[in-house]
Amino acid sequence: MRKIAIYGKGGIGKSTTTQNTVAGLVEMGRKVMVVGCDPKADSTRLLLHGLAQKTVLDTLRDEGEDVELEDVMKKGFKDTSCVESGGPEPGVGCAGRGIITSINLLEQLGAYDDDKQLDYVFYDVLGDVVCGGFAMPIRDGKAQEVYIVCSGEMMAMYAANNICKSIHKFGKVGDVRLGGLICNSRKVDNEANMIGEFAKKLGTQMIHFVPRDNMVQHAEINRKTVIDYAPDHSQADEYRTLASKIDNNTMMVIPNPLSIQELEDLLIGFGIMN
């Protein structure tokens, strides 16, 4: 079983990219569980066709300790297992702590047991804030592979570089490795070349460049992944390609994060900063 965490700055398209990639993997016959680690609890919406899923933390609050696996796990597109950790009430408590509680509960309830025959577990994690809780999937060995969703925008690259600092730190003492950057295009000038160069400087790869296409929004409005909503569209093939590249990826590295100066020099070199 491969345990993969998808990180990236808020609003970059992590949840969309994760769910569309998972749709590509299950279409290939892989058995996948998705664990949403974002307080917004929108990491499985497209796989579940918009059914609002009760989060692990809400279930624990309502039911106490007497929780069964089926109370927190729903079956989505092509039998994908879907879980949302959820978060505390706004302004109270720590969202990162919720992730820790959720993953521990899933382990106790046997979600990862051999009889589930999972090929993949995906953690979709809020990534601007690399606080202890959000870093938990990579800190405590819950995920061995990380993919960072970014774009050619300055803040997306800044967040990606910060996430690499975490992987660098925990990779030295554990098993976590960076599998690559996924560029979710924002149509920035020279974007593919810049993210390719950024990846090279980090010591990794841009595993795929996902072009911007309105079909993604059309599918989301219909509460589906592109592969589910428009399987013959070229954008569906982009996600199939990304899924296949992840499925075959063997390049796992401890990244070397850039200094702020190096990052700014890269942005200036590609004309993003003056």
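A Cβ is built for glycine as well, from the same backbone N, Cα and C atoms used for every other residue.
Around Lys9 (ATP binding site), a 10 Å sphere centred on its CB holds 24 further CB atoms from the protein chains shown. What Swiss-Prot lists as ATP binding site is Gly8, Lys9, Gly10, Gly11, Ile12, Gly13, Lys14, Ser15, and the listing cites sequence analysis.
The [4Fe-4S] cluster binding site annotation in Swiss-Prot covers Cys94, Cys131 and rests on sequence analysis. DSSP assigns Cys94 ([4Fe-4S] cluster binding site) to coil, not to a helix or a strand.
Taken from Swiss-Prot, the feature ADP-ribosylarginine covers Arg97, and the record attributes it to sequence analysis.
Taking each of the binding-site residues Ile12, Cys94 in turn and counting other Cβ atoms within 10 Å of its Cβ gives the largest count for Ile12. Set side by side, the binding-site residues Gly8, Gly10, Gly11, Gly13 differ in how many other CB atoms lie within 10 angstroms of their CB, and the most is found at Gly8. Taking every protein chain shown into account, Lys14, Arg97 are the recorded positions, and of these the Cβ with the most other Cβ atoms within 10 Å belongs to Lys14. In the three-state DSSP classification, Gly10 (ATP binding site) falls within coil. The Cβ of Ser15 (ATP binding site) has 24 other Cβ atoms within 10 Å, all protein chains considered.
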